[in-house]
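Structure record follows, encoded as structure tokens.
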């Protein structure tokens, strides 16, 4: 998802079903003469309308070549089409065709992504994100998504002040615009150099809303929970997550139903809340019934998710932190018991089965308590 074309610029289902060998025969690489003509109109025509048509032709040449589109992108970039297309972003009438051309050149081509940024595309893209025109804003968001997938571009884009504008798309954009904004923000969050991505607490509400709506094991959920975990590292972010209707519950549900990646981030966010102030966040988390999912995660999650789940279980217990039995000690007791009963060869397998049985029993008891609580709240 971090490097996909918007739906309006992709290939048709029929074209995608064409075997690669047939596609090569039906759509050969554009001749150098075609590329030269496009470059001539972009660079030397002096006529904005001719440049707009040339920008449209760039997109057409990429799409026409289909299975050879990667080579076509490289040829067009080598011929010099990127700088004039970036310059056209400053011309109101030329913005949309220039954006579409640049977006098609950037997709799945690391060198072109870097070339677009080094040609000065980031400042005009930031300005486009400020416009009221929803279509241009979302095309600019999609372009930022693609450009931010290149490691060399992350610092330049992060330093441009784009994060608050992408968060605005999270709040008011279309479904596709919100997905693209989350992906672009996630790309920037993986930057290993300065400046690091800083998220405003106001991002919590649209992120929780997206997480509610999507499949908890989807790539979108993985990116959304990663951003929520970043938010949970600040007091403002923690308060915002808690204050969103169903915020903690949505994270708990992700722990239960998410992928390995999304469960790791979701439990990380919950742990961050509880570690920051156990007295403040323990009960709100417990009220959403997290124990079954956390117990399962200690056996089935990634190593980091398992460790986080154990720490959170320790914090959620009734006894004070300095007097409780840690989950690691509890697991060792189960393992030692299995060793005595079945020997060391089968101990790990038996211990895992015992833990799973305890998880299932805990889930049953949790469901019973929820049913009792629901029935007691039902008006007579």
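We count from 1, first residue shown onward.
Placed from the backbone N, Cα and C atoms, the Cβ positions cover glycine too.
Cross-referencing 1-32, 33-64 with TrEMBL places the feature region 'Disordered' at 1-32. Residues of the same chain lying 6 or more positions beyond the ends of the repeat 'ARM' (202-246) and with a Cβ under 8 Å from any Cβ of it are 1, 167, 170-171, 178-179, 182-183, 185-186, 189, 253-254, 256-259, 261-262, 265-266, 268-270, 272-273, 276, 281, 284. Each residue in the repeat 'ARM' (202-246) gets a DSSP state, and the totals come to 34 helix, 0 strand, 11 coil.
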